[in-house]
Amino acid sequence: MKGLKFILTGILFGVIMAKSEAVSWYRIQEMFRFQSFQMYGIIGTAVVLGAIFVFLIKKFNIKDFSGEPIEFKDKDKNWSRYLIGGSIFGLGWALTGACPGPMFVNLGYGYWPMLIVIAGALGGTYAYGIVKTWLPH
Amino acid sequence: MLELLRQPWPWYISGFAISLIMAMLLYFGKSFGFSSNLRTICSISGAGQKVKFFDFNWRKEIWNLLFLVGSVIGGYIVSQWLSTPDPMQLSASTINDLKGLGIHFDGGLNPSQLFGKDFATSPKGFFILLTGGALVGFGSRYAGGCTSGHAISGLSNLQVPSLVAVIGFFIGGLVMTYFLFPLIF
């Protein structure tokens, strides 16, 4: 089954995020209050090792499992969307203690009120789709 | 062994595993970014008939929905078999700061005061959770990605736009934490 590997990778993600408490509302508060290294350690390690992986993939032209070259798209340079969109995201991240991934990990963990947060996130995504053309990008 | 796995896992294991997940998805010919799923779900629900932004071939994104399903299962696995009865080790200053806002540390991953039945079914609680989610959904699509797409995938590829987005995440997070929390709670 072609899709199984994505489910397994997702399970690994969910287990890791829950066991390292990165899905915790308290830990996100701790991060925004600069009172613990935990979240910075997680993101920092992931970025440093991730950058090494990306560097090696580019340097040795590593192909993906089907033999296709692995391509990296450069993000377009429209600064306002990153700053404004990012700040709006940050407001919600601190309030709910969850970015999109952890919302679903928490739901699996048994925090069913996350369904309300997820419903809101879907509504927010839909609202963006409607007003997109009028926003500075 | 199981006893060891039940303890909280250190940040370097988690950071390593997350970078590995990113690399695995690249090897599968995909790219790590969770919030795209929200757009895909809107599209599957028929939003593409009314709004052009959702009119795309969502079948190509099914892999990411499978990843999402896996993440839910992962959360379930931890809560059922890998959780520890011990309270989380939260820093004393955070506990104290939150106490000042009237939010008490109860040892769980998330405060039952915010993610318990009483709060979620109260009008104020329902509104707060829904609005918070809406800000995340709107902001991540406007910024073109969330923590996984920008902070992990983008920064790993040394993308300056992703750095700006992450700075934005922190501007919003700090404004919420220091200025809005005292008004909300």
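Heads up, the Cβ atoms here are built off N, Cα and C, so glycines get one too.
Now, the feature entries from TrEMBL:
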TRANSMEM  B:12-29  transmembrane segment
TRANSMEM  B:62-82  transmembrane segment
TRANSMEM  B:125-143  transmembrane segment
TRANSMEM  B:163-184  transmembrane segment
Beyond the flanks of the transmembrane segment (B:12-29) by 6 or more, those residues with Cβ under 8 Å of it:
63, 67, 148, 152-153, 156
Positions on the same chain near the transmembrane segment (B:125-143), where near means CB under 8 A and six or more residues out:
35, 38-39, 114, 118-119, 149-150, 165, 168, 172, 184
